[in-house]
Amino acid sequence: MDHQPGDIIHGRYRIISIIGKGGFGETYQAEDTQSPGLICLIKYLKPQNNSALVWEIAEKCFRKEADTMRYLGNYNQQIPQLYNYFEENQKFYLVQEYIEGQNLEEELRTQLFSETQVIEVLQDILKVLDFIHQHKVIHRDIKPANLIRRTCDNKIFLIDFGAVKEVSTITVNAQGQTISTIAIGTPFFMPHEQAIGKPKFASDIYALGITGIVLLTGNIPLNNQIAWSDVPASPQLKTILEKMVRSEWKERYDTAADVLFDLEPLTLVGQTLNQHYNIKSYLGGGGFGHTYLAEDSSRPYRPYCIIKQLKLKVNRQQIWQEAQAKFADSVNVVEGLAHPQLPRLLHHFQNNQAFYLVYDFIEGEVLSKQIIVGDRLSEPEVIALLKNVLEVLSYIHQQNVIHGDIKPSNLIQRQPDNKIILIDFAQFKQIVTLDINSQKIVVKPGGTDGYMPPEQLQNKLKPCSDIYALGMTAIQALTGVSPEQLPTDSQGEIIWRNQAQVSRKLARILNKMVRFQLGQRYQSAQEVLDALNDLNGWWWRQFVKLLPVLIILGVVSIGLIYFVYTTIQKKERVEKLYAQGLALNDKREFGEAIKIFQEALDIEPNIVEVLVAQGYAYGQLKEDYSKQQFYVCRKANEIAPNSSGALVCLGNVKVKEKNYKGSIEDFDKVISLACNNSNAEAVKDCIAAWTNKGLSLLKLQKPEDALKAFEQALAIKKDYKPAIEGKQKAQKLLGN
């Protein structure tokens, strides 16, 4: 070491301790004796060649780089300030701000970084890189050891810029040209172009990407061979890191700002929104918004929900006011829709110039994972898809609502019933893309190129616009070709038949769905459904006509008899299991009852009575099975929205969730459906609805209304114990 503790450098800097020594020089902790108490860091660099020419060149280079560092440190709070620089005894000295803290290499020795922590580091340093790159500076040596977390505020500092180290490597070749003898950087962290002396801004992005992987895994990837399956990170973060560390610099991100843009949606993961939505993971998104899986800590059992974030692209007060109005209108529209194939809007709020929508969590898979370029669905699969979506389209069109953005990524196949759920109405997308032109608000179409019909480009949406988009989705599924890649004829009609094997009848239906002229399309979803049903009916009518002949010929008799026989057998088996389950419920053997009901549902999964009975059994267990109860009750309600039993079941779940107002809405529906019906099951549901409504009213501190509800139940069955007990509680609260 050239200096020891106690030595004075430049007549004012007293060495406190030796920090380190490397190939380019030495580093010390020191005190500035002219500013008592000011602790600083001193780094010296010594040229490897002592010739006068090299020294002169090195001196100019040193002063230039030192001035650059001083500027960067003065204008960025995550780069140490440069207090002073000087030359002494054929050495160059830098006097910098001393950062009290620990570098990330040291932190890594105790434990690996979580994904959230890595995202925070990346975001922090990318902002610094964006700043220095705008000033034409490449760091050249990003690695965990050169990132220091300051103890007092956890802010991460970027240290040890590579350009100033280059002073130590300067020499002059035989032609009198200045060259560096050593590539600046650290092996495994610097990419190929930097190793051969041609660093780019993308070289820093590469090094930071490798740093992120090291922080996650504790291992340095060798020869750029990264086992992504071993990287404990979300698919979205892996995708970002993979692009950061590509071997060819042209294939990486162009700028640090580009990485920040892709990284920004991931920063919400691990955060809490609106005080009770805990963001668990980022599900995806793009320029029109982002989608997250969250846990609602305010509800019993902390159920999952889906949160959609909508951020405006233009930050102007006039746009914001228009967006607020449109958001309120759109929320009112969606809240007015109630269909089992539409996710329930649970909540909405605004935060930091962004809008948020909270929906029920739908367990399933987006159809964009099934309908992909190069793959094709069969004709029966496409017909089933069309019918499924047309059912919900028929409903929303009857409510004078148009979806406006039907495409595979906005269709979810729910598990386990395989129903298609329709998500992401275009009117919310239009909020994000609001613009202003000549002081006028511009509302963009909100659809997606390829799926969007011509009239939508002029914001003239009709119900048949949704039919067009669904038709294009079906054509994509049959051809395996993305809609925007399909050619059109001189009349604007889509040319697709030569790329799919499909019956003439279905092709005729699809062609009518996607006519260029909207007047030539089907005008309602029901029309398309009728055409598809007629398609199936035609085959059945032909079969019925030929059935006598086929039976005579012995072609179908055995198969037909077997089909009828097995159908009857299944029905009888389900009925027997249902009866057994009810008997077990009566004996209060609810665990066994659930197993028996499940056996019945494995045979026939969509029997409402069995689902309701199983939901009741789940609700009676001492352990917490509220999620299972909610699932079966909701499924029963989706299959039969007007089933009083399913509504009682669903209302009881809401009581458990302390959603008393929601439960009363369900019980009121039961009362309107069942209480004018003499059927024994309906009477039973009516009594349960009045009683449970009374109990919910008690929870809402409305004993007078509760008393009336209990009396309604007792008017039907005067010895109904739950109603008697509820009435007594209400009377006690009223002081009777």
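Every residue, even glycine, has its Cβ placed from backbone N, Cα and C.
TrEMBL entries are annotated by machine, without manual review.
Mean pLDDT of the predicted structure over the domain 'Protein kinase' (13-293): 90. The domain 'Protein kinase' annotation in TrEMBL covers 13-293 (among others).
Per TrEMBL, domain 'Protein kinase' is recorded for 286-544 (among others).
Annotation source TrEMBL lists transmembrane segment at 546-565.
The repeat 'TPR' annotation in TrEMBL covers 574-607 (among others).
Sequence annotations record features per position, and here TrEMBL assigns repeat 'TPR' to 687-720 (among others). Using a Cβ-Cβ cut-off under 8 Å and counting only residues 6 or more beyond its ends in the same chain, the repeat 'TPR' (687-720) has close neighbours at 644, 647-648, 651-652, 655, 658, 660-661, 663-664, 667-668, 670-671, 674-675, 726-727, 729-731, 733-734.
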Looking only at the repeat 'TPR' (574-607), what are its DSSP counts of helix, strand and coil residues?
-> 27 helix, 0 strand, 7 coil
